[in-house]
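Report on the following structure.
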Amino acid sequence: MARVVVVPLRGGSDGDPTHVPKGQGHTIVDPPTIYLEKIAKLWMEDRGEAQPDINYILEKLPQGYVLYQKQRGKGPKAADKWLYGHPSHRYFDSPNRFFPHFKYMMENSGDTMGCPCTVCNAKKGIIPNIGASRRSSTTSISRRASPAVDPVKPPSNISAMGSTKPSKGTVGRPKINHPPAGLDTSRVDEEGTPDVYRNLIEKTRRQISIDEPITEPLSLDWRAEQAILPGLLAKYEQEQQFIPRSGDIVLFVRELLTNVDIRLEETSGSYRIYNRERKTFGVFPLWEAGIIGQPPAETVVMDDVVEETNKELNVTWSGVRVEPIPHPNEDDKSLSMRHRYVPLRQVRPFLLWKQYMHGIPEDEWHQTIKNALALMSTISLVGKYRFRGTWPEAFIYCHGMFIGSEMIAVGDTVRLLPKTGFTTSTDIMVIKTIRLKHSNLDLASSNDYDDGRPYNSAVYVYGAAFTTDEARAEKGYPASSSICTLEGYGPFYPLHAPGKEMAVPYARLLSRVYEAPAMKLWLGESVVDLDTGREGVVEAREYAREHDHRIAEEMDATWYWADSRSEALDLHTVNGLEVSKYDSMRDTRELRQASKILERQAAEGRKRTRSAVDLSSDEEQDDEAEEDEIRREMRIVEHHASPEKKKSNVEIVIEGSRSRAARRVDSEVRP
């Protein structure tokens with residue numbers, strides 16, 4: 001049998017994840033083996049590195065590219081396949097057609113200016129052989145919103161309604177044409193980016209009720225997020241929940257010999273180093289707390305959590321990059337630079353800190369343990385994609401959130417803290433939406449930065465809820481066994497009627513539900529339940545409220561809300577790169593100019609698309625029309641208020657933007 005070699009990609013891609021097929025009937029081909037194998041073979045041959053008796057396969061498609069198929073008859077092979085993701089919103093119909101574009105990206109760090117491929121040079125719906133160029137994608141940069149600026153001159157785009165000829169001597173009332181919220185510069189942050197959230201609130205006040213996608217075309221940060229977020233969401237949807245995510249805080253051990261494990265010593269109830277050869281327990285592991293900068297790039301199996309399995313790639317690919325956590329109250333952030341690549345067997349969820357630190361004298365703890373505890377009452381929202389408001393209330397829909405030590409996304413199954421009067425966690429929720437609610441907008445000051453009354457903000461999570469406590473279940477409905485994450489914890493009973501949802505405040509979220517086999521391997525126990533780790537999380541949140549000065553110095557505050565994960569953790573660098581306001585290379589004026597150029601190019605592209613010759617088939621016409629609409633709105637496609645998710649392996653810490661209008665140290669909402 002020929003040996004298989006995985007070919008890693010080079011950096012850079014022009015892929016556009018908003019390019020997806022229209023309508024129903026299309027499904028994602030995962031894995032896209034036909035492209036991975038063919039492109040790898042062509043690339044290795046082109047480089048002169050191909051060897052006989054070796055089969056090559058790409059590690060993944062370039063970021064933003066997804067293979068779709070649609071059945072055209074009966075049988076598994078009766079399907080047409082197209083590769084979506086090209087920034088022109090035209091698809092590739094074969095690996096051979098895609099290879100010239102792929103090769104050009106790999107040789108030019110993702111920049112496709114001058115690419116000779118037939119799709120880059122397509123004009124008026126016809127794919128020629130040589131010609132045009134396309135833009136490259138940008139990297140993710142975080143943006144922190146800041147005070148709005150009052151408008152210095154009245155709107156200039158004012159026109160009278162009605163005919164130019166007077167009718168009975170009457171003239172209609174002038175109509176003010178307000179620009180879209182993402183282009184309205186009457187309220188901007190310190191970088192000149194429109195404050196889209198305050199603009200949408202003002203639009204709700206004017207129109208009473210609105211429902212529209214959130215777009216920030218003048219923000220390079222937002223544009224970069226649109227290129228990254230769909231891949232992350234698809235990745236989280238397909239992965240098991242025990243796998244660490246970018247931005248998670250974890251416990252980790254820097255060094256662990258191959259002949260030892262971390263096991264429970266039952267006599268003391270503590271976790272120690274166990275020598276498999278001598279069959280003896282030794283010292284305590286030297287635990288540190290760190291943030292996941294890069295999750296595993298190679299496929300993870302359950303046994304990875306306690307042993308080193310055979311991997312195609314070394315630990316920098318198969319393991320995780322962890323950066324020690326500095327303290328939020330200190331200016332010295334040098335701990336972040338002492339990163340380490342470790343296999344998963346040396347990593348544990350931070351929610352289990354109380355179990356793993358049991359028996360270790362507190363004065364022997366690594367300093368990062370208490371640093372992480374001080375950050376357990378932080379929250380930041382990720383991927384705000386839709387605004388729905390009926391004056392004087394509004395909801396902002398989000399794709400995910402960081403809370404304490406974990407990233408939680410729509411679609412996750414999460415554990416809930418017990419309601420008042422109960423002491424044990426028995427409830428879970430499958431998240432359908434995450435919403436930031438603004439209320440009392442009519443009573444609030446119109447300027448978020450004066451001393452006037454603020455509007456109220458609260459985060460709620462909506463979804464289908466279940467419990468292991470049969471006595472509290474909704475009567476008349478059977479136990480559920482359809483949630484694979486819950487295997488080993490059940491049976492589960494619904495807390496409400498089918499078709500309905502339950503809403504809980506964010507403070508009731510405990511953690512993701514980690515698969516029972518993983519919990520058993522970590523803890524060395526034959527039985528686990530939903531209450532495991534609850535005591536430690538509650539204790540950690542109380543510790544944070546006393547030791548994170550951003551919370552402790554505010555009257556009645558119990559949580560710190562941040563614009564991004566890096567701000568929540570008060571990080572100056574992530575993956576060795578400066579972030580947010582600490583980025584010395586960040587030229588806000590240049591970024592603003594680049595955003596305007598991109599928006600002008602997008603507008604020109606839309607005009608060209610509208611005047612282009614129709615494609616040959618009705619299906620292609622419909623597809624391109626829908627794709628142009630998606631590009632025009634610059635949004636993630638939605639279906640019944642849920643994003644369509646596309647497969648992509650992305651290894652970054654999300655830097656979600658958040659309007660300062662909605663940012664404040666908030667009191668906990670009690671269940």
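Just so you know, glycine gets a Cβ as well, placed from its N, Cα and C.
Annotation source TrEMBL lists compositional bias 'Low complexity' at 132-146.
According to TrEMBL, the compositional bias 'Polar residues' annotation covers 156-167.
Per TrEMBL, the feature compositional bias 'Acidic residues' maps to 616-628.
Annotation comment: TrEMBL describes 629-649 as compositional bias 'Basic and acidic residues'.
Computed over the domain 'Cryptic loci regulator 2 N-terminal' (56-120), the whole-number mean pLDDT of the model equals 85. The annotation domain 'Cryptic loci regulator 2 N-terminal' is assigned in TrEMBL to 56-120.
Residues or ranges marked as domain 'Cryptic loci regulator 2 C-terminal' by TrEMBL: 397-514.
Look at TrEMBL and you will find 132-191 (among others) tagged as region 'Disordered'.
The region 'Disordered' annotation in TrEMBL covers 602-671 (among others).
DSSP labels the residues of the domain 'Cryptic loci regulator 2 N-terminal' (56-120) in these numbers: 13 helix, 16 strand, 36 coil. In the domain 'Cryptic loci regulator 2 C-terminal' (397-514), helix, strand and coil residues by DSSP number 12 helix, 52 strand, 54 coil.
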